[in-house]
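Trainee: Just passing along the structure, written as structure tokens.
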Ligand code: NAD
Ligand code: ZN
């Protein structure tokens, strides 16, 4: 089968012929139909320090996908060929304390598809049945391919009550923009999103942000005044990993405000701890998605009108992957969807 492989410890990906995977007794075999490129794939493509430390080569990469089940192992009763599915990219151990308690997103010993086990940028993928999510009938395949990053957005956005609340999102990348759509769907009032790139902010506005702020040339203090929010934002979603953005969150939340932190900072970040303490702020780190409460919420929100499709800026056949990775690298793309249909 054809697959995008990190063949060597060097920049790039290679379109190769590799053996088709065989499903084990507890696995399903999926014919991949659409995949999407994630920031993690960009780290792997560009072969940065994190990728060099983390990715064994050769490795089939990719983890954002949708496909059709074509075969199931002998222990698998709940899935059958023909079903349209995506998969949770974190394969958990099932035996640690958190897994045993049903908190599988907090597994102590997980592995990642397309990171340290074969990934989804391939014609076929096998997954343990416990990692498979069946989509509701009729879902748009390009949207279904985004359930992994949409899951990050939903998991983060739904940490705290949103109905009637004012939300500050820092970072209008694909995940921040989708989070804006989720906040709108969930009934927030002001959904203010910041970035330093105007095109990204324009996309976030299309998805549902009510006010965009380029923090390179506009002040959040002024925006807060314009919106009549004397006491500050109720909920913050940090989705940039940028140290200044986290400080913006801490400066603009109301007393008792809550910040869910998904963005991964590349360095230690200094913050004004006295504000956290005197204003009784809550800071909560967020990882992955809940298995499978987040997936359930995503499916239902899509069924009830949540539209994240504007986040897809590029669609192309998988063989044009170099164009897709270039568009991600030069910042012109938000989400790139690769089509694997014959
Ligand atoms: P992205 O890099 O595409 O988007 C980040 C955005 O932040 C960019 O548009 C950038 O211009 C913007 N930004 C930079 N400086 C800023 C500033 N000072 N203020 C506001 N915005 C600023 O990333 P993404 O794919 O949308 O993911 C968002 C973040 O979530 C990333 O940090 C990513 O690593 C992280 N992430 C975490 C998890 C997890 O499980 N915790 C999972 C997926 C992604
Ligand atoms: Zn575990």
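Here the Cβ of each residue, glycine as well, is placed from N, Cα and C on the backbone.
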Trainee: For the NAD(+) site that TrEMBL assigns to 195, 200, 262, 263, 264, 286, 287, which of 175, 302, 308 is also named?
Mentor: 175
Trainee: Which chain-mates of residue 200 (NAD(+) binding site) that are at least 6 residues away have a CB under 8 A from its CB, listed by sequence?
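Mentor: Once residues fewer than 6 apart are set aside, residue 200 (NAD(+) binding site) is near 172, 173, 177, 334.
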Trainee: Please give the maximum pairwise Cα distance, in Å and rounded to a whole number, for the NAD(+)-binding set 175, 195, 200, 262, 263, 264, 286, 287.
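Mentor: The NAD(+)-binding residues span at most 23 Å between Cα atoms.
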Trainee: Count the other Cβ atoms sitting within 10 Å of the Cβ of residue 264 (NAD(+) binding site), across every protein chain shown.
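Mentor: There are 12 such Cβ atoms around residue 264 (NAD(+) binding site).
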Trainee: Based on Cβ atoms within 10 Å, give me the single least packed residue among the binding-site residues 93, 99, 175.
Mentor: 93
Trainee: Applying a 10 Å Cβ distance cut-off over all chains shown, what neighbour count does residue 63 (Zn(2+) 1 binding site) have?
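Mentor: Here the count is 25.
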Trainee: Taking the center of the Cβ atoms of 93, 96, 99, 107 at the recorded Zn(2+) 2 site, which other residues in this chain have a Cβ no more than 8 Å from that point?
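Mentor: Other same-chain residues with Cβ inside the cutoff are 92, 94, 95, 97, 98, 100, 104, 108, 109, 110.
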